[in-house]
Amino acid sequence: MHLAVVGLSHRTAPVAVREKLSIPEQQVEAAIQQLKSYPHIEEVAILSTCNRLEIYCVTRATEPGVREITQFLSEHSHLPLGELRPHLFVLLHQDAVMHLMRVAAGLDSLVLGEGQILSQVKTMYKLGQQYEGVGRILNRLLKQAVTAGKRVRTETSIGTGAVSISSAAVELAQLKVIARDDRSDGNLAGQRVLILGAGKMSRLLVQHLIAKGADTIQILNRTLGRAEELAKQYGGDLQIQVGLLSGLMNAIVEADIVFTSTSATDPILDRAKLEMVLAPEQRLMLIDIAVPRNVAADVVELTSVESYNVDDLREVVAQNQESRRKLAEEAEALLEEEVDAFDNWWQSLDTVPTINCLRDKIEMIREQELEKALSRLGTEFGDKHQAVVEALTRGIVNKILHDPMVQLRSQQDIEARRRAVDALQMLFNLDPQGQLSS
């Protein structure tokens, strides 16, 4: 079996490409089933966020397995292979393992050290199990990755004070308001802020907007419940207004800054819609942190509208990155330990066929010899006594095998483990391959 990851991220593709590859949670089950239907894919898990789409897989053969995943991505995105390939990366075995560890730890994020990615990796793990994409190998890998992400956050300070996509979006708004209005304080008081969506990203937006002095906030959502909960949780002395997305265009007229973070798969704002409601003199700032994008690219054609998306956050997060480089180096050392732990487990799988073969052979001998002994003892030897002798022989076999098996599995020197496996096969005349083929 071979381990691989095929994907793209903010490092390899712009948002215009990433949004075409996005796999919403409600589509994950179908995607996993389709991928598992390919002849070379044994296990699969999907990580889809605003900044990346990555497919982790266990394949029977690397090259055809990667080819099958690439074909799936082309069909899913409706992008020709020639157009898609320049944006894709492919990492195999140890490189794939280290990549996932870095992703879970927030070291590959646009915002270095951000914490939301770990919960997204956990979601990938949960959905992979739920939809039966995750088997023995990915189960171990994803569990190790979650452990790695937790260790980095508890044993280093990289998560302390880290900005998030939402906080970077608020900071971008602040910078643009300062530049536009020639203000030095950067306070967002007096700005009429509209938030579309009431999920995790919007929750963080509200927190950071209040911290920056925003005093007029309205939240629109597909349903009122989550929006009302958000307003109640963070409103305090501030009266946060809530409404339904169906009233979007009326709310736009009353807004100065609009943050969009809905799960819509198509744009909910475009040039035509804005032209219908905006007065010629009304200035509007749109900051879209959704992937797929909630704001169509053609809104930039409106002179009174400033439009930004997740790719525009780079200028904000760049200031945060340099101060965190040292902490990232500490985290990398921890990740090496987790990669080694997984690799040792992976290598130990080579011993499993030999161990199983030895157990089967000894069990067969035990059963044969026990049957001979019981036949000599005759019918007067009762069932109760037979059960005692059965338990006795099993106990002897298990105790004899225990220490050698533990030593074999825990041997971290790959060459020493290989020699031990070869010695077992020779001494006990074992043929694991023959057993597997039969």
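Including glycine, each Cβ sits where the backbone N, Cα and C put it.
As recorded in Swiss-Prot, the features of this protein are as follows:
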- THR49, CYS50, ASN51, ARG52, SER109, GLU114, GLY115, GLN116, GLN120: substrate binding site (BINDING)
- CYS50: active site, nucleophile (ACT_SITE)
- HIS99: site 'Important for activity' (SITE)
- GLY197, ALA198, GLY199, LYS200, MET201, SER202: NADP(+) binding site (BINDING)
Fewest Cβ neighbours within 10 Å, where candidates are the recorded positions HIS99, LYS200:
LYS200
Near SER202 (NADP(+) binding site), how many other Cβ atoms are within 10 Å of its Cβ?
24
Reduced DSSP state (H/G/I helix, E/B strand, rest coil) at ALA198 (NADP(+) binding site) is coil
Additional residues around substrate, ordered along the sequence, whose Cβ is within 8 Å of the centroid of THR49, CYS50, ASN51, ARG52, SER109, GLU114, GLY115, GLN116, GLN120
GLY106, LEU110, VAL111, ILE117, ILE165
From the centroid of the CB atoms of GLY197, ALA198, GLY199, LYS200, MET201, SER202, the recorded NADP(+) site, which same-chain residues not already listed sit within 8 A by their CB, in sequence order?
ILE195, ARG203, LEU204, LEU205, ARG226, LEU230, SER261, THR262
Pairwise CA distance, ASN51 (substrate binding site) versus MET201 (NADP(+) binding site), rounded so that it is a whole Å:
13
Where's the emptiest Cβ shell within 10 Å among the binding-site residues THR49, ASN51, SER109, GLN120?
GLN120
